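Report on one structure; see the data block that follows.
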């Protein structure tokens, strides 16, 4: 691999602009710092604050761990290759290991975002089932399943099934995309695109579900039933109680008055709690959809370039487009902390109180007198 890096395209190395190298190193260093520090702060917050020990934040913690792995291990090797003039100075085995970790992180994020979209739909459409079944152990089982599937997708190229190699134009070790007639990586790309499409379809179904529940339906009045001025039935109102208290009713208490005073307040409180939980679940779903949207937007240009290499025969991919697409895929590892803080009010509040130790209202001091 080292011989391949130095021998083949020595003229290309001389044409690399120092300004382009400086911009690559600066931007990649910033991505590494933000990806490691930002995701580490979010992870510490999720572990330290017990109010965040819930199903969606377990999945968010797993996403942060995957981004930390990619930022701390894979990106420094890219930084070194750019610094050495787009050359790989390590061995073939190291290249395969780094490529394996990068592809593992990519597929893990895609699989996890799909599982999160399914749980978000269950949280809103089937909330009772969601609260009973999605416990800590269920989330742990989902996380282990996602990592297992990701390893199954990323490990075959290590055995030269869809070969990993150093791609000079991308400054990284990854899939070597050849023409579709002699290609081994097309199946991996098709599966990744299918996962992203399925995730968008689940969120689309969730949007339709919420929209249908928000439609204003006409009120249908059902007449109340009365035999002795004690109205009861589906259309009964509070007038039955007034009639009965005024003495118009004879006989036993009507059915609509049994237990109303004892249960009305509890029912009202329970309904308000459900509405509050529904709003919280909607905010969390919005945050995860923004994360999914940014993942698709930042990885989309690179996927287009990969499909271009496989199917296009004529023109070569422009170098500027390929560099921008690769660096956008790198930037995906550092955007999640910003999305979490700016789109989730609960995380923002916990971040200020737990990590920054800022509180809006201080505890009152004990009274004292001056003698």
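Just so it is clear, glycine is given a Cβ too, placed from its N, Cα and C backbone atoms.
Straight from Swiss-Prot, the features:
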TOPO_DOM  1-26  topological domain 'Extracellular'
CARBOHYD  3  N-linked glycosylation site
TRANSMEM  27-47  transmembrane segment
TOPO_DOM  48-58  topological domain 'Cytoplasmic'
TRANSMEM  59-79  transmembrane segment
TOPO_DOM  80-96  topological domain 'Extracellular'
CARBOHYD  84  N-linked glycosylation site
DISULFID  95-173  disulfide bond
TRANSMEM  97-117  transmembrane segment
TOPO_DOM  118-138  topological domain 'Cytoplasmic'
TRANSMEM  139-159  transmembrane segment
TOPO_DOM  160-189  topological domain 'Extracellular'
CARBOHYD  183  N-linked glycosylation site
TRANSMEM  190-210  transmembrane segment
TOPO_DOM  211-287  topological domain 'Cytoplasmic'
TRANSMEM  288-308  transmembrane segment
TOPO_DOM  309-321  topological domain 'Extracellular'
TRANSMEM  322-342  transmembrane segment
TOPO_DOM  343-371  topological domain 'Cytoplasmic'
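Note: residue 173 (disulfide bond) has non-local neighbours 77, 88, 95, 96, 98, 99, 102, 164, 165, 166, 167, i.e. same-chain residues 6+ apart with C-beta under 8 A of its own C-beta. Scored by C-beta pairs under 8 angstroms, the transmembrane segment (59-79) has its highest count with 27-47, from the stretches 27-47, 97-117, 139-159, 190-210, 288-308. Within the topological domain 'Extracellular' (80-96), the DSSP-based counts of helix, strand and coil residues read 9 helix, 0 strand, 8 coil. Mean predicted confidence for the topological domain 'Extracellular' (309-321): the pLDDT average there is 79.
When Cβ-Cβ distances under 8 Å to the transmembrane segment (97-117) are tallied for each of 27-47, 288-308, 322-342, the top count falls to 288-308. Taking pairs at least six residues apart, the transmembrane segment (27-47) and the transmembrane segment (288-308) share fewer than three Cβ pairs below 8 Å and do not count as touching.
Tertiary neighbourhood of the transmembrane segment (288-308): same-chain residues 56, 60, 63, 106, 109-110, 113, 116-117, 120, 175, 177, 185, 189, 192-193, 196, 199-200, 203, 317, 321-322, 324-326, 328-329, 331-332, 335-336, 339-340, 343, selected by CB-CB distance under 8 Å and a gap of 6+ residues from either end.
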